[in-house]
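J.: Below is the structure I would like to discuss, written out as structure tokens.
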Amino acid sequence: MRLISKRRIRFIVFILFGVLTVFVVSRLVVHFQYNQEIKFYKKYFQQRKDGLHEIYNPLEIKQIPKETIDDLYTARLDKELKNGEVIEWSKFAYVNYVTNADYLCNTLIIFNDLKQEFETKAKLVLLISKDLLDPNTSSNVAYISSLLNKIQAIDEDQVVIKLIDNIVKPKDTTPWNESLTKLLVFNQTEFDRVIYLDNDAILRSSLDELFFLPNYIKFAAPLTYWFLSNSDLEKSYHETRHREKQPINLQSYTKVLTKRIGKGQMIYNHLPSLPHSLYLNSNNIAQDIISSTSSLSPLFDFQSSKKVGKLKFASNLMVINPSKEAFDEIVNVMLPKILNKKEKYDMDLINEEMYNLKKIIYKQFIFFRKVRKLFKPEVLVLPFARYGLLTGSLRNPRHYSIIYNDVLGYKTLDNDGNDIPVGLNDSVAYSKYIHFSDYPLAKPWNYPSMKEFECIVKEEDAEDSKLEHQACDLWNSVYASYIQSREICLV
């Protein structure tokens, strides 16, 4: 057997070293170029945002405060009232999906509240598994049919019931093996915009205002705030105030936004930004942009921290502009990647394939560099205390400081820069959608009565008895309201 000569080995090593050198040098050049451009555009948008029209900042992911959402809705209603610009409510829909009969009562409760109590004019769309109405696969078809009749009777025209095929993960025996069926919401293309809701939740007010987010936004949702610590919050405040040199008082943003909405001006660049420290791997945006795409980045990403961003989009409430193109990509490209992976479900696909926060920055910046005036952002972050609160947070004191200020990196301060005291009851009073999540506690319909799972303070273990009693009372009131609502499902 002929051995490779030393000369040939040296030649191969030389070639490999040359390739490596070219790669590293080119990466450093790109890194330097990106850094220079990013510095320029950060300064550009800070100094010129007041006068910009149809030019959007690609270097940020924006959060929209609840006050601004309400201002947009009020402005749209005023156009209808004063200018006769009629809202086509048939182009909007609330959407639920049901693959488990135990959840169907919840849809009846939510749809009935939306129509009868909150008086929405939007369509109410239920995507329900065909299997639930098949006697060969379902043991309670009669009960399911009676609930469906009640749902349809809410309004014969406004309620739309669609029979669907489940998207099932093969060889997955977990309770979430059909959760990918949720992705069918992206295919409801007869509507311009839909509000998707998980129905294991309590709805406390209309969400109609979410239909009137800026038209260019294709996806908006709250974030998984429960992964954050108080240390993360403090870092985000420090980043906003010191590194970005922006005010952290949320009112300084909402006041400007209110005026701009009143004048019909662009608002995107004036929205508070999501602090980079919460979702990027380093303090250097250029570094993260490069590492977002380079297949060799694990080998050559010397400067990047290995810290993984804690924040993701929650998928229990989503505002979506459905499109055939997006759904085709989900079916043909994204689903095959995840179907056979263990412990990967709807939220994983949405955050890893569709709306990965880190990759969003990369895609925005690259597109902006190519055709600046054609770039439009597609995502917004919704305030989670109003649209994505978990019941578990009501009993978790570590979450209180987070839900008091649900635009991350910012606080509601008075004119002297002091925190405006916000109590737990006040914070929850603004919550419109509260998701049942108290693991290891089961969902409330699995218990014969409230007594089986009600919150009771153990005085001997209480660190702050008054606060814990307040939290328990609040938690119990949420569940008691739901238990009472279930009476509508009796047949």
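Keep in mind that glycine also has a Cβ here, set from the backbone N, Cα and C atoms.
Note that the structure is predicted; figures quoted are calculated from it, not measured.
Annotated topological domain 'Cytoplasmic' per Swiss-Prot: 1-10, in sequence order, evidence recorded as sequence analysis. What Swiss-Prot lists as transmembrane segment is 11-31. The topological domain 'Lumenal' feature in Swiss-Prot is assigned to 32-491. Summarising the annotation, Swiss-Prot assigns N-linked glycosylation site to N136, N177, N187, N425.
Describe each of these features in terms of where it is and what it packs against.
T.: Taken as a whole, the topological domain 'Lumenal' (32-491) shows an average pLDDT of 90 in this prediction.
In the shown protein chains, 6 other C-beta atoms lie within 10 A of the C-beta of N136 (N-linked glycosylation site).
In the three-state DSSP assignment, the secondary structure recorded for N177 (N-linked glycosylation site) is coil.
In the three-state DSSP scheme, N187 (N-linked glycosylation site) falls into the helix class. The Cβ of N187 (N-linked glycosylation site) lies under 8 Å from the Cβ of P322, K324, F327, each of these being in the same chain and 6 or more residues away along the sequence.
Long-range neighbours of N425 (N-linked glycosylation site) (same chain, six or more residues apart, CB within less than 8 Å of its CB): Q470, L474.
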J.: Tell me the Cα distance separating N177 (N-linked glycosylation site) from N136 (N-linked glycosylation site), rounded to the nearest angstrom.
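T.: Rounded to the nearest whole number, the Cα-Cα distance is 20 Å.
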J.: If you count Cβ atoms within 10 Å of the Cβ of N177 (N-linked glycosylation site), leaving out that atom itself, what do you get?
T.: 17
